[in-house]
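Pulled from Swiss-Prot, these are the features on record:
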- T33, G34, S35, T36, D89, G90, T91, D92, K102, G103, G104, G105, K129: substrate binding site (BINDING)
- E111: active site, proton acceptor (ACT_SITE)
Amino acid sequence: MTAELSPIDRAKYVAARRAVEYVEDGMRVGLGTGSTAAWMVRCLGELVRDEGMQITGVATSTRTADLARDVGVTVKTLDDVRWLDLTIDGTDEYDPNLNLIKGGGGALLHEKVVATASDQMVVIADPTKQVDTLGAFPLPVEVIPFGWQTTKALIEEMLSNLDVLGRSASLRLSGAEPFRTDEGNLILDLHLRRIAQPAQLSLVLNQIPGVVENGLFLDICDVLVIGNADGTVEVRDINNGTIEHERVDVAETDNLFVEVKE
């Protein structure tokens, strides 16, 4: 039951429920990765099961693809569908301009490719992810394994010339071993604390040999849905310049997400 969920889980739940209202029958939908995105995938499964909607999902990770298949969503590759009507994904941070830091789940490369291949990107979040300036959450950077320590040194040297508060990078681990992305790459987490010029940082990072992609998602998000534990949501549409406040009805018998809490 939703009453058994923590306040943060309830907030993610209502954001996901509101976000899937953008999905229409026959759409090709990009499926994000992470705990919040997992709730959204379950909601899509409910639409398929209860309303008979035909939805084609393009997953940004193997674990999202597995979950989507489990709940009845048809999964295809981006090469199969070429272009998407909509992508729904979570975020690790968002600023007032709806710029994002993503990649905490390790799927930033696939997430950025899918988001940029979509007509619209809807981001779901809870209020704890809001910041005045990006950088409190470590910035993930995907790098190739070959020479990664040299790449790390080049990144840290570059950071000394930019307007950031922190300048250290750490290799992401999974247990005692380096974390590997679905592409077999590594992730360096940059501990910057504040990013004054995210566009400049993104450009410079991607020019460093060995860097595949970074977790700055700039000017990509079209709509941000912020869920609250009391069932209210705030919907920010950057293209229309609107901010709307709504309520999502959540039945106390609804238990779609109890088993996917992280």
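We number each residue from 1, going along the chain as drawn.
Any Cβ shown, glycine's included, is placed from N, Cα and C.
What Swiss-Prot annotates, mapped onto the structure for a quick look.
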| residue | record | Cβ neighbours (10 Å) |
| --- | --- | --- |
| T33 | substrate binding site | 29 |
| S35 | substrate binding site | 16 |
| D89 | substrate binding site | 32 |
| T91 | substrate binding site | 28 |
| K102 | substrate binding site | 30 |
| G104 | substrate binding site | 21 |
| E111 | active site, proton acceptor | 32 |
| K129 | substrate binding site | 21 |
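If you measure from the Cα atom of T33 (substrate binding site) to that of the residue listed as 'active site, proton acceptor', you get 8 Å. K102 (substrate binding site) sits 8 Å from E111 (active site, proton acceptor), taking the CA atoms of both as reference points. In sequence order, D89 are the binding-site residues from S35, D89, G104, K129 with a C-alpha within 10 Å of the C-alpha of the residue listed as 'active site, proton acceptor'. According to its DSSP assignment, K129 (substrate binding site) is helical.
Of all residue pairs in the substrate-binding list (T33, G34, S35, T36, D89, G90, T91, D92, K102, G103, G104, G105, K129), the one with the greatest Cα separation is 16 Å apart.
K102 (substrate binding site) carries neither a helix nor a strand DSSP state and counts as coil.
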